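Chemist: According to TrEMBL, the protein carries these features:
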REGION    1-59  region 'Disordered'
BINDING   Gly138, Ala140, Val141, Asn145, Ser394, Asn426  Na(+) binding site
TRANSMEM  162-183  transmembrane segment
TRANSMEM  204-231  transmembrane segment
DISULFID  Cys243-Cys252  disulfide bond
TRANSMEM  309-329  transmembrane segment
TRANSMEM  338-355  transmembrane segment
TRANSMEM  420-441  transmembrane segment
TRANSMEM  479-500  transmembrane segment
TRANSMEM  521-548  transmembrane segment
TRANSMEM  554-576  transmembrane segment
TRANSMEM  597-618  transmembrane segment
TRANSMEM  630-653  transmembrane segment
REGION    717-757  region 'Disordered'
COMPBIAS  718-737  compositional bias 'Polar residues'
Amino acid sequence: MVGKGAKGMLAMEEAGDASVSPGAGRGVNEWRRHTHSTPSVHPKMAAAQGPVDPSSPEQMSWRMISQPLHTGVEGTSHSLHPAESGEAWAQGEAIPTRDITHEAYEDESENGFMPDEDHSLQRGNWGNQIEFVLTSVGYAVGLGNVWRFPYLCYRNGGGALLVPYFVMLIFCGIPIFFMELSFGQFASQGCLGVWRISPMFKGVGYGMMVVSTYIGIYYNVVVCIAFYYFFSSLTSVLPWTYCDNPWNTPNCVSILENPNITKSTQPSAMLGNVSQALNQTLQRTSPSEEYWSFCVLNLSDDVGNFGEVQVHLLSCLLVSWVVVFFCLMQGIRSSGKVVYFTATFPYVVLTILFFRGVTLEGASTGIKYYLTPQWDKILEAKVWGDAASQIFYSLGCAWGGLITMASYNRFHNNCYRDSVVISVTNCVTSVYAGFVIFSVLGSMANHLGEDVSQVAEHGPGLAFVAYPEALTLLPIAPLWSLLFFFMLILMGLGTQFCLLETLVTAIVDEVGNQWILQQKIYVTFGVAVAGFLLGIPLTSQAGIYWLLLMDNYAASYSLVIISCIMCVSIMYIYGHQNYSEDVQMMLGFPPPCFFQICWRFISPTIIFLILIFLVIQYQPITYNQYRYPSWAEAIGFLMALSSVICIPFYALFHFRRTDGDTLLQRLKNSTKPSRDWGPALLKHRTGRYAPTIPPSPEDGLEFQPLHLDKAQIPMVGSNDSSRLQDSQMNTCMSLGNSEVPAPPSSTGCQGLPSRGP
């Protein structure tokens, strides 16, 4: 019995065979074969060049295709590793695939499903392009936009930092961002699978996974702290407003309790009791600072003194990981819907806080301090180094997340436009957040009679000490506190979604069998559980020490090195011309000349200079007045090394497994693209990726015609003679093991046994 879905396919088939283009006809043939034939053999070889006369001598050579197979509907599709398919074809064996009956298509048809030409049924795609843009914005716009960029501005001359900041955005940020998006989108693979472009450098992908693992562990701890502050704000009076709490010390002085303890009133106080006034001023600690140190963290005195796990933080960490898991349990199908809220609502909160902040007394002082350029600093190398590093880190380059998110794009999506929009949005958000932060800090400085530089801090201190204290000065303080920390939670979750999805996608793509594709939810659950367990030590009394250690080392030097090697391997090993042609095939136009120049020369140079700057400007890590011991710094460098060392280790591993008569030949074979490099879907393999095998009616396989003088076309990225030899060998193997007799004109194939009658 033929269902309605099958009948619909028959109608499409009749119309398609007569009128559609070769590429579209191939898609129709694929649906027809799944609908009417028993898919016990290779189902996805289609005739892309029209009918071929079987009696034509020059068309009697055949070669089998070795590439990823994408068959069937989601949940019932089968993926065969290219190497496995190539070996099976070489032996003349039928390749088993998962049964896909016409009933499956009938059900999908009844539900109004009609796969388009750019949709991957196996991996899935974003529901629409807005989901990808919002997810990428949520990934790039994170907690660093709130606490790191404003700090760098006032530390490096205020508005003077904006000049090198936008210069670095144009010459380094956007080009690298575009490279990673186009890289993942072209291959439709995560940070491991894309390195089919040059298998020897697959260690770069493993390095990205290690970096994302470190960041994912400590980043969610920051999110859990924001959760705790959010829950603590559900009260009529914020707990860090006054000094009458059990955790407060005698040095605690609240702004609201003692408004006269300011620098402006110190002279009159000194007339009465100089020593008492000095001690009270110098030893003053704010209630928000004591709440952070003694209540939230219950801070120990040393990085090696873990003490007890803080149950309240552990509970919030569990909540944050549960939220992340449930938002990602269905992959991009669920996270793509969540980002409509998590990526947009922070801007609503920022706008509310902005208008509230600029209306405060003294807000203009903070904004003026934030924007006033100190032009004498613009010539300092440190300012340019900070600007470059902020652009590099805030965009999330070399974390693997950009490649992963882009891998779920439709093949012909305009990722060039997306890279510009997302990069500019991220940078504008940083500048906008600076207004929000410094308007409130300016009001606080005006209230205290201090300079703005004395009330603002770097890192967590800005988000969890200075800004919360400033919020206590506002009417209805709990409301503003709820909004602020809810914004931090959403910003953190947006980044955390992509970090977790990067790891899950890399694992699933690397294993690549049918079972793991169907059980992806369990992979997500396993990664989430591992992340929760590894984050438990960071909720101890020494947790903040280790969090800052990971933040300073795990994602600093290693990111720069990984990104530099990625540029060099793509531009100089694979070849900038090959990559430009790939982008043109995908987008319909080549990368602009400016981007090609940046990829080849400017961006790698800037990245290398950032690395030099980080080394020259290195200072031992500290937290407030605590200086880390040397053994802790050694652990930090080991964390940084653990991701970078993946690159040479995997290169040696792959080199040893590569065939070749000489070391030079093995090196060439190790760096040239693998046979399955290219677009994931057969319909997108055009140009030099186009398969050339005609159909064989005897065994139900789909072939395409191949001219012997074009046998080297399917091999990409190298012009050496071994490409032609490998391709000719595939041709001969196919001839020797198929039931099709070898044509007399096939040179180099004499003597091969034939399985035909």
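Here the Cβ of each residue, glycine as well, is placed from N, Cα and C on the backbone.
Any TrEMBL annotation is an automated prediction that lacks curation.
Quantities reported herein were computed from a predicted structural model and do not represent experimental measurements.
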Chemist: Looking only at Cβ atoms, how many others are within 10 Å of the one on Val141 (Na(+) binding site)?
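Modeler: Cβ-Cβ neighbours of Val141 (Na(+) binding site) within 10 Å number 28.
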Chemist: Report, as a single number, how many Cβ atoms besides its own are within 10 Å of the Cβ of Ala140 (Na(+) binding site).
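Modeler: Total other Cβ atoms inside 10 Å, all chains included: 28.
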Chemist: Take the transmembrane segment (554-576) and find every residue of the same chain, 6 or more past its ends, with a Cβ under 8 Å from one of its Cβ atoms.
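Modeler: Contacts of the transmembrane segment (554-576) (Cβ under 8 Å, skipping residues fewer than 6 from its ends): 176, 179-180, 183, 197-198, 201, 204, 207-208, 210-211, 214-215, 218, 392-393, 397-399, 596, 599-600, 603-604, 607-608, 610-611, 614-615, 636, 639-641, 643-644, 647, 671, 673, 717.
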Chemist: Within 10 Å of the Cβ of Cys252 (disulfide bond), how many other Cβ atoms can be counted across all chains shown?
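Modeler: Neighbour count, Cβ to Cβ under the 10 Å cut-off: 23.
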Chemist: Could you tell me what the rest of the chain brings near the transmembrane segment (479-500), counting residues at least six beyond its ends with Cβ under 8 Å?
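Modeler: Same-chain contacts beyond the flanks: 135-139, 141-143, 145-146, 212, 215-216, 219-220, 222-223, 226-227, 229-230, 233-234, 238, 320, 323-324, 327-328, 335, 338-339, 341-343, 345-346, 349-350, 352-353, 356, 396, 399, 401, 404-405, 463, 467-468, 471, 524, 527-528, 531.
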Chemist: Expressed to the nearest Å, what is the distance separating Asn145 (Na(+) binding site) and Cys243 (disulfide bond) at their Cα atoms?
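Modeler: If we compare the Cα positions of Asn145 (Na(+) binding site) and Cys243 (disulfide bond), the gap is 31 Å.
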Chemist: If you measure Cys243 (disulfide bond) to Val141 (Na(+) binding site) at Cα, how many Å is it?
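Modeler: Rounded to the nearest whole number, the Cα-Cα distance is 35 Å.
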Chemist: Can you list the residues of the same chain, besides Gly138, Ala140, Val141, Asn145, Ser394, Asn426, whose Cβ falls within 8 Å of the Na(+) site's Cβ centroid?
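Modeler: Residues close to the Na(+) site, other than Gly138, Ala140, Val141, Asn145, Ser394, Asn426: Val137, Tyr139, Gly142, Gly144, Leu395, Gly396, Thr425, Thr429, Ser430, Met491, Thr495.
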Chemist: Which of 204-231, 338-355, 521-548, 597-618, 630-653 has the most Cβ pairs closer than 8 Å to the transmembrane segment (420-441)?
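Modeler: Looking only at 204-231, 338-355, 521-548, 597-618, 630-653, the most contacts with the transmembrane segment (420-441) come from 338-355.
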Chemist: Quick one: Cα separation, Ala140 (Na(+) binding site) versus Cys252 (disulfide bond), in Å?
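Modeler: Answer for this pair: 38 Å between alpha carbons.
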Chemist: If you draw a 10 Å sphere on the Cβ of Gly138 (Na(+) binding site), how many other Cβ atoms land inside?
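Modeler: The answer is 27 other Cβ atoms.
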Chemist: What is the interatomic distance between the Cα atoms of Asn426 (Na(+) binding site) and Cys252 (disulfide bond), given in whole Å?
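Modeler: So the alpha carbons of Asn426 (Na(+) binding site) and Cys252 (disulfide bond) sit roughly 38 Å from each other.
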Chemist: Does the transmembrane segment (630-653) make contact with the transmembrane segment (204-231) through 3 or more Cβ pairs under 8 Å, each pair 6 or more apart in sequence?
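Modeler: Yes, these stretches are in contact.
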Chemist: Can you find at least 3 Cβ pairs under 8 Å between the transmembrane segment (521-548) and the transmembrane segment (597-618), where each pair is 6 or more residues apart in sequence?
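Modeler: Answer no, regions not in contact.
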